[in-house]
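Per TrEMBL, the features are:
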type	residues	note
DNA_BIND	A:125-223	DNA-binding region
COMPBIAS	A:226-237	compositional bias 'Acidic residues'
COMPBIAS	A:240-250	compositional bias 'Low complexity'
DOMAIN	A:2-116	domain 'Response regulatory'
DOMAIN	A:125-223	domain 'OmpR/PhoB-type'
MOD_RES	A:D51	4-aspartylphosphate
REGION	A:217-250	region 'Disordered'
Amino acid sequence: MKILIIEDDDRTAAQVARALTEAGHVVDRAGDGRDGLFLATGGGHDVIVLDRMLPGLDGLAVLGALRGAGQSVPVLILSALAHVDERVRGLKAGGDDYLSKPFAAVELVARVEALGRRPAQAQARDRLVIADLDIDLRTRRVTRAGRAIDLRPQEYRLLEFLMRHDGQVVTRAMLYEGVWDFHFEPQTNVVEVHVSRLRQKIDRGFGRPLIRTHRGGGYSIGLTDDGPDDGVSDDGNPDGGDAAAGGDRD
Amino acid sequence: MTVTDAAQGGGLFRRLRRTSAARIVALYLAVFVASTAIVLGSVTWAALALIDRQIDQTLDAEVRGLAEQYRLEGLGRLIEVVRARSGIRSSGIRSPAGPGDRGGGPGPGDSGIGLGGIYLLAAPDGVPIEGTLSGWPRAAERAADGTLDAELADGRRARIRVYRLAGGFRLLVGRDLAERARFRDLVVEASFWSLGLVLVLGLYGGWILARRSLARVDAMALAARRIVGGDLDERLPRAGSGDEYDRLAQAVNAMLDEIGRLMTASRVASDAMAHDLRGPLARARVTVEAVALRQPDPSEARAGLDEALAEIDRVIATFEALTAIGRAESGAGRTAWSDVDLSALVTELGEIYDLLFEDAGRVLAVHIAPGIARPGDRALMQRAVANLLENTLKHGAGPVVLSLARDAHDDAIVIRVADRGPGVPAAERARVVERFARLDPARSLPGSGLGLALVDAVTRLHGGRLVLMDADAGTAGTAGGAGPGLAVELRLPADGGAPRPAESELTAAGGQADEGLAPAEGVAPSGGVAPSGGVGAGSGVRPGPSA
């Protein structure tokens, strides 16, 4: 994908650019709001990573101008302002996602890729299917290889979120926000325990595992051989019996 | 000290001039002086006017009397009368004229002030015939008839009445004004003395007043300077009279006490923070350094970096928690408040954490009264309750009960998490909600020590209070427990500014009676599903309109 980074801090910009380049994307950079707006309105970018506090033109002003010009390119806002109020402001101003500093590079890449794929997910579906795993969104019925799987509500929501991001890495922070609406990182391993439980139910006894753990605290769902190869490796723990002990960050 | 005193003494007047007491005194003094001057002035003016009027009336009466004598008895009689009256010198002796004599009768003008009668009868050509004057005063030479002030030939000032008699004779009757002038001088002098006295007394009183208040303020300022200088135990002096200065000092002292308490707390917290952050940062540094310098094999390097990453994440989490506490304590972001469905929120947290307790081999029982909502910051409330659950997950033991109910006594909303673990000694309960406070002095257990501090800050932001107690207090048995257990109650005022629902009593009763309520599966209690237990009446009813 072609990604525009609007960020005044050179080191942050370099880090972001490097992470995205390593993930196989093409990166442009603007050092302030005016250049950023100029490059952004030129179009041709799949995703824009926008810093909020910029010299020249504030990030939200850039966003407003961009949306005013009818550009619907997905924008990920990057900011040191982390509180829910600030996120809400950013999203209301037309942002599509909000990532607060400090952030993990893997998280940034995962979110940018999720934004880049958004048009594909926009279509309303009432079934999600990956290999032989099948969920009916209306009845909330989950089957694998034709066998019904009984999930708790929290497990169902987790599975649905993973399947909606089919083939992408989703980070723990994305799961906290998307599945549980947590805007904080709990001290305990909520994600690991739930993923591990989900794994037991949908992967155990079904041959090839579908849920993969990625280094740095991300997960993806999909068959191993047609899943994305974005440089992160499988943790070699397909059973996932105890994700907390699987070397993940705690 | 003496230098300071001297400087203060020398500058006292200058400093007094700048005090508000001095300004008030000056203002009052000006008002007093002005009003006294107005009163005295108007009295003087009225008295002098009265005297003038009396003189005029006397002169008028006398002239008419003399004119009558002339008309009735001729010039000879007039000359006689004028001669007789001219004989009276300022002696206070009344005119020898009889009582029937209107002109010379005892008029008001004769009562001591209008003495010194002046008379002159002149021929039509102006030649004096009889009287006390040797010639016409210059001012009256041309006047045919009328009253005027004139200066006499001998320098006296007089009020005179000129009258032209039939046949061209001219008559002049006058009164010496020296007495009037003396009276006026007397009154004016008295007025000045009174004004001076008012001024002196006012200034003196003001000086005393201003100096007294200045002394109190100086003492306070001195104490304040000592406090600024580092003597934090110093307090503003109080006279003990309970006056406004005492009350001010009391309020400021209370403020200083609170500031002192906060400063101590923040010093302790920053010490603890330095300790808690230095630990993981040092470990991360050592690990990264080892990887960088020793260049171990890839899997070892990888493990080291993961470890360092985990340490850095701990540091970030600690900072993040501190920021959240700071925000909650400052009350910032109240604009983000909305009507929070606490029943749904706590139920969901119960569902999320149920699995974790199960994983840890423990049981989480959830009792939620339905339909409880109040305004608040949803994200912070969620985080606070999650912190309580994580706290018992980390430090508690045995079965855990998470409940949400209304207290029947004070109608407070109570979120309670109780376990059967070692509990917290009563003496430590106030301390554990402080930042970085931990029961474990070696800080060997995981956790930042910020969990309860955040819960406390969030609770207070919502106008509530956090209560810690033994879990077995008031309940029978300690089944499955290793200690007294800990119950943490987050008590929130029910209204929080929102309209009080009419069925709150019902809901409260239901909330108290819902023993045995299982955590609802995926359905918020407010969704209309009646949980098991005796809550049928109150369930499914939302408390008023949600904002």
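Cβ coordinates come from backbone N, Cα and C, glycine included.
Please treat TrEMBL annotations as automatic predictions, because they have not gone through curation.
Within 10 Å of the C-beta of the residue listed as '4-aspartylphosphate' there are 26 other C-beta atoms, taking all protein chains into account. For the domain 'Response regulatory' (A:2-116), the DSSP counts in helix, strand and coil order read 53 helix, 24 strand, 38 coil. Over the domain 'OmpR/PhoB-type' (A:125-223) the predicted model carries a mean pLDDT of 86.
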